[in-house]
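Student: Structure provided below as structure tokens; questions to follow.
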Amino acid sequence: MVPPTGERSLTKAISARALRKVYPGTPPVEALGGVDIDIADNEFFTLLGPSGCGKTTILRLIAGFEHPTSGSLDMFGQSLLDLPPYKRQINTVFQSYALFPHMSVAENIGFGLEMLGKPKSEIKSTVAEMMDLVQMSHLADRQTSQISGGQQQRVALARALAPKPRVLLLDEPLSALDFKLRKNMQLELKRLQTETGITFIFVTHDQEEALTMSDRIAVMSDGAIRQIGSPRDIYDHPADRFVADFIGDTNFLPADVIATEGERVSLRLGSGKTITAPARHAGGGRVTLAVRPEHARLEAEDSGLLPGVLSDAVYFGTDTHFHIALDDGTAFVLRQQNSPDTETRFAKGERVSVSFPGEVAQVLRD
């Protein structure tokens, strides 16, 4: 039974402990440095990070294309370490869809089932079900060389879903699509995952893809997981400076702790003004304050927390980005949503100040 939308199963589809992968060489290359991870059944889970961070290595270990150097890797409680790829009930969708151009849409979708020796009647009904799922029934007899990139993506997904895998791995499958089609496919992928109830493990370097589709995200760098959480938790409460910088746009401000009380901290900013903010870190010393551009506002010079000069205002249609050179030498960007009656009160070169409520500031230990 598929859990209701938004409710995650307690069953672990994938569980890894101290998972490590070292490639031989001079010197050896540690692609994965002892990762612990649990991915729930019926979860859309994303591995997010820059190139070379280890996210695709995890995917290849789960698929069975690589063998870990050490550590454990289980699927629904069964060890995968000695299980060959074809016995894992796992399918993979790659960046290149690897469709057969001389075959029709229906033939491509049914190819894997034929290789498994399924009866023709079962293949026919499953192919019809998959074409309906990805909304491609009207193109069943069209060759895949004659359909669009987005339609090819749907065929590749249908082919991977047809054998009813327990886990579907997706290795940056949207990167070849144009911007508008990519956004549409983000919604499509989440719909497919919800309707099928299959665990999706998605690899990407694109933060928007991760935030849009995922139930949870693992942010990775240098072969390690920096933070695992819901999109909102990771965006609003980054664990460290790397996560705050990689997910969304962020301003970083130096600050000094002057007092702590429970989970709140009083800080002195570079301007000499003070602010109280929630903090996971206790103690004194120098910290970094992370403030999202949309959480700040532009004010007159003597009204805000951080005085400076408005160096630029860039119009983006839906919003305007204001670039401020703060008096302490820090560059600050804030974002204001536009509306038909929006007016910019300040001109380039004018003295201004930046304000933000303490509740939206994230305190990061240096």
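Any Cβ shown, glycine's included, is placed from N, Cα and C.
Copied straight from Swiss-Prot:
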- GLY49, PRO50, SER51, GLY52, CYS53, GLY54, LYS55, THR56: ATP binding site (BINDING)
- 14-247: domain 'ABC transporter' (DOMAIN)
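Give me the local environment of each listed feature.
Tutor: DSSP assigns GLY52 (ATP binding site) to coil, not to a helix or a strand.
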Student: Return the single residue from the binding-site residues list (PRO50, GLY54) that has the minimum number of other CB atoms within 10 Å.
Tutor: PRO50
Student: Using a 10 Å cut-off on CB atoms, tell me which of the binding-site residues GLY49, GLY52 is the least crowded.
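Tutor: Output over binding-site residues GLY49, GLY52: least Cβ neighbours within 10 Å is GLY52.
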Student: List every residue in the same chain as LYS55 (ATP binding site), at least 6 positions away in sequence, whose Cβ is under 8 Å from its Cβ.
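Tutor: Once residues fewer than 6 apart are set aside, LYS55 (ATP binding site) is near LEU47, LEU48, GLY49, VAL203, MET220.
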Student: Just to confirm my parser: what is the rounded mean pLDDT across the domain 'ABC transporter' (14-247)?
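Tutor: Summarising the domain 'ABC transporter' (14-247) by its mean pLDDT gives 93.
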Student: Report, as a single number, how many Cβ atoms besides its own are within 10 Å of the Cβ of THR56 (ATP binding site).
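Tutor: Neighbour count, Cβ to Cβ under the 10 Å cut-off: 19.
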